[in-house]
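As structure tokens, the structure follows; a few thoughts come after it.
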Amino acid sequence: MNILVINCGSSSLKFQLINSETEAVLAKGICERIGIDGSRIVYQPEGGQKIITESPMPDHTQAIKLVLDSLTDTETGVVKSLDEIGAVGHRLVHGGEKFASSTIITDEVIAAVTECNELAPLHNPANLIGIDACKKLMPTTPMVGVFDTAFHQTMPEEAFLYGIPYEYYKKYKIRRYGFHGTSHSYVSKRTAEILEKPYDQLKTIVCHLGNGASVCAVKNGKSVDTSMGLTPLQGVIMGTRSGDIDPAIMEYIAKKENLDIDGVMDVLNKKSGVLGLSEFTSDFRDLEDAVLAGREDAIRAMKVFAYSVAKYIGSYVAAMNGVDAIVFTAGLGENNKYVRTDICDYLGYLGIELNQEANAKRGMDIVISTPDSKTAVLVVPTNEELAIARETLALVK
Ligand code: ADP
């Protein structure tokens with residue numbers, strides 16, 4: 001069966017068409033600037049060149065229509081008709097406490113996801129628009145929702161409750177939810193396969209390090225703690241997000257800078273992290289170049305970043321009473337050998353020794369610790385689209 005995977009944001013929409021038998025990506029691409037001037041679709045069939053077409057996309061329905069037109073195009077398409085698309089898998093960011101696993105999308109599910117909109121105002125409404133657009137254009141094709149939060153629903157109460165009045169949990173469901181669950185689940189499973197160990201007997205710490213970054217403790221196949229919280233602002237320092245801070249800093253900044261709560265949140269979400277610390281970039285590639293050139297501002301940002309990740313790893317060793325494997329994934333985790341080295345330099349107490357030849361490789365599943373290392377360290381490229389396609393297949397079969 002061919003499965004269309006959709007990751008719908010507020011102004012962009014990423015897609016992949018995956019053959020579920022071979023797991024080959026038949027085509028992939030992105031619609032950019034939806035609802036804004038200059039919208040375009042980038043479409044790439046398997047083994048072919050990228051085709052970039054500028055075309056007005058006043059809304060997501062038009063964007064999905066262009067995706068379906070591209071997939072069925074007589075020259076560059078990869079299927080003859082929409083009948084060859086057996087199901088659609090949607091990435092959904094927030095499922096609250098209602099969804100501990102992926103689900104077939106029904107009207108009831110749409111209503112339940114809509115109730116979670118307040119918890120992810122930037123993401124959930126956009127995800128729902130994508131579902132609505134697919135419903136209009138492919139009304140009989142089954143759709144599945146795969147939630148970023150679902151994998152973390154196994155966290156115990158001591159990990160998900162905050163030290164604030166319990167009534168806020170009861171009334172408003174304020175708690176840790178965690179994100180990047182599809183990635184943490186995929187990468188931790190893959191780690192067990194690579195190490196040839198049973199997934200349900202392994203303690204793994206996954207470091208998903210991209211623009212958004214989170215660390216997850218996976219014990220015996222279940223997420224038992226993760227660094228992001230009610231929202232993706234908590235946890236390690238990120239590209240532009242502050243991660244953990246003393247909550248009182250918010251009041252202090254508000255008074256000093258004469259900002260209201262929206263202004264303070266904007267600083268913490270968009271002007272902090274390594275961008276705020278380096279004062280010049282949120283991009284880890286730029287930072288890597290600047291660190292290699294000896295720039296103090298970049299070195300400062302990267303030191304704070306690596307330290308914040310190392311501290312989370314330490315706390316999850318405590319949470320799981322040990323660790324068998326530490327795994328790096330996502331844009332930065334997969335590609336930056338210096339960051340991996342800096343983080344592992346803090347972990348001598350785990351008996352970690354890196355094999356720098358392996359650590360220098362890119363784009364593959366690889367063990368980067370030496371055979372003598374007491375804890376295994378790996379790089380496992382994440383593949384959220386494939387994970388969504390697998391979940392979708394399992395439910396529509
Ligand atoms: P997100 O999905 O959260 O936007 P990604 O997982 O794509 O993030 O990671 C983006 C980050 O990874 C960027 O800061 C980028 O500089 C870094 N990155 C991506 N590719 C490379 C690379 N080849 N070398 C070094 N850093 C990279």
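A Cβ is built for glycine as well, from the same backbone N, Cα and C atoms used for every other residue.
Listed in TrEMBL for this protein:
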type: BINDING; residues: Asn7, Glu384; note: Mg(2+) binding site
type: BINDING; residues: Lys14, His208, Leu209, Gly210, Asn211, Gly212, Asp283, Phe284, Arg285, Gly331, Leu332, Gly333, Glu334, Asn335; note: ATP binding site
type: BINDING; residues: Arg91; note: substrate binding site
type: ACT_SITE; residues: Asp148; note: active site, proton donor/acceptor
type: SITE; residues: His180; note: site 'Transition state stabilizer'
type: SITE; residues: Arg241; note: site 'Transition state stabilizer'
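On the structure: features taken from TrEMBL.
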residue: Lys14; record: ATP binding site; contacts (Cβ under 8 Å, 6+ apart): Ile6, Asn7, Lys28, Gly29, Ile30
residue: Arg91; record: substrate binding site; contacts (Cβ under 8 Å, 6+ apart): Val5, Ile6, Asn7, Cys8, Asn127, Val146, Asp148, Thr182, Glu384, Ile388
residue: Leu209; record: ATP binding site; contacts (Cβ under 8 Å, 6+ apart): Val236, Val309, Phe328, Thr329, Ala330, Gly331, Leu332, Gly333, Val339
residue: Arg241; record: site 'Transition state stabilizer'; contacts (Cβ under 8 Å, 6+ apart): Gly212, Pro232, Leu233, Leu268, Asn269, Lys270, Ser272, Gly273
residue: Asp283; record: ATP binding site; contacts (Cβ under 8 Å, 6+ apart): Gly239
residue: Arg285; record: ATP binding site; contacts (Cβ under 8 Å, 6+ apart): none
residue: Glu334; record: ATP binding site; contacts (Cβ under 8 Å, 6+ apart): Phe328, Arg362, Gly363, Val379, Pro381, Thr382
Ranked by how many other Cβ atoms lie within 10 Å of their Cβ, the recorded positions Asp148, Glu384 are led by Asp148
Cα-Cα separation of His180 (site 'Transition state stabilizer') and Asn211 (ATP binding site), in Å?
12
Helix, strand or coil at Glu384 (Mg(2+) binding site) [DSSP, three-state]:
helix
Among Asn7, Asn211, which are binding-site residues, the residue with the most C-beta atoms within 10 angstroms of its C-beta:
Asn7
Just the recorded positions from Arg91, Asp148, Leu209, Asn211, Arg241, Arg285 whose C-beta lies under 6 Å from any atom of ligand 1, please, or none if there are none.
Asn211, Arg285
Arg241 (site 'Transition state stabilizer') - helix vs strand vs coil (DSSP)
coil
If you measure every Cα to Cα pair among Lys14, His208, Leu209, Gly210, Asn211, Gly212, Asp283, Phe284, Arg285, Gly331, Leu332, Gly333, Glu334, Asn335, the residues listed for ATP, what is the largest value in Å?
22
Check the DSSP secondary structure of Asp148 (active site, proton donor/acceptor), expressed as helix, strand or coil.
coil
Row Leu332 (ATP binding site), column other C-beta within 10 angstroms, all chains, value 25
